[in-house]
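Features as listed in Swiss-Prot:
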TRANSIT   1-35  transit peptide
MOD_RES   Arg36  N2-acetylarginine
BINDING   Tyr57  chlorophyll b 1 binding site
TRANSMEM  99-119  transmembrane segment
TRANSMEM  151-171  transmembrane segment
BINDING   Gln164, Arg175  chlorophyll b 4 binding site
BINDING   Asn216  chlorophyll a 4 binding site
TRANSMEM  219-239  transmembrane segment
BINDING   His245, Ala254  chlorophyll a 6 binding site
Amino acid sequence: MAAATMALSSPSFAGQAVKLSPSASEISGNGRITMRKAVAKSAPSSSPWYGPDRVKYLGPFSGESPSYLTGEFPGDYGWDTAGLSADPETFAKNRELEVIHCRWAMLGALGCVFPELLARNGVKFGEAVWFKAGSQIFSEGGLDYLGNPSLVHAQSILAIWACQVVLMGAVEGYRIAGGPLGEVVDPLYPGGSFDPLGLAEDPEAFAELKVKEIKNGRLAMFSMFGFFVQAIVTGKGPLENLADHLADPVNNNAWAFATNFVPGK
């Protein structure tokens, strides 16, 4: 069946190509057709984050970008010294991995800091430091969510693992498969139920939000790496390390610990 496309006059699809017929990959073995709306959205030409005149990694001193980095995608600053994006398939895979890891890192960074912040402001936790909290499951009473014994008790590490696999797997499966009706265009930005506030309805605002997401996500991944190193070196949470540094910046900083750090002590 030949694919047919048309331009719709609806304000939300004006000037955009919509695929009407299914491809062979969208027809399952039993002959059932999964209709998937495919809309090609281009980044706004006036945006400083997209296109050949976008912001580069070294500003005016960046030099010429590789030919395959055209500024089509958010977070493209024209820098790829290792050539990781030269192959289109590898680039598509790495782009998806980066976005997903960015989102997990942003959630993880918040989860590392927020309980410690609450604990420092009087909220009672069994253990608020992120890398110590999990060990509470082996205590006599198990692990209470939010430190409240009236909430669900987590007393089995296998049960927690199973719940996480089921819940996370269900969400990821829903995202990748495009929902029960296959209505999602892009598994990275599924919209629909994943956008209850309608933040992606305006194309220009959505394009800018993609850039903000990838920039904050990259920062969050570096933050998580820093939290891991802090946990190994100091044995303290991020806010406690920050408080120590502010109280005595000369003796509590990365250089001081790097020059005095002895593994295992």
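Yeah, the Cβs are placed from backbone N, Cα and C, and that goes for glycine too.
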**Item:** Which listed residue (Arg175, His245) has most other Cβ within 10 Å, given these are binding-site residues
**Value:** Arg175
**Asked** Non-local Cβ contacts of Tyr57 (chlorophyll b 1 binding site) (under 8 Å, 6 or more apart, same chain)?
**Response** Tyr77, Gly78, Trp79
**Item:** Least buried by Cβ count (within 10 Å) of the binding-site residues Gln164, Asn216
**Value:** Gln164
**Prompt:** Considering only the binding-site residues Gln164, Arg175, Asn216, which residue has the minimal Cα-Cα separation from His245 (chlorophyll a 6 binding site)?
**Reply:** Asn216
**Request:** Do me a favour and check the Cα-Cα span between Ala254 (chlorophyll a 6 binding site) and Asn216 (chlorophyll a 4 binding site); whole Å is fine.
**Result:** 23
**Complete:** Under a three-state DSSP reduction, the secondary structure at His245 (chlorophyll a 6 binding site) is helix
**Message:** For a quick check of packing: other C-beta atoms within 10 Å of the C-beta of Ala254 (chlorophyll a 6 binding site), how many?
**Reply:** 12
**Prompt:** Three-state secondary structure of Tyr57 (chlorophyll b 1 binding site) from DSSP?
**Reply:** coil
**Item:** Residue pair Gln164 (chlorophyll b 4 binding site), Asn216 (chlorophyll a 4 binding site) - Cα distance, angstrom, rounded
**Value:** 25
**Fill in**
For Asn216 (chlorophyll a 4 binding site) and Arg175 (chlorophyll b 4 binding site), the CA-to-CA distance in whole Å is 22
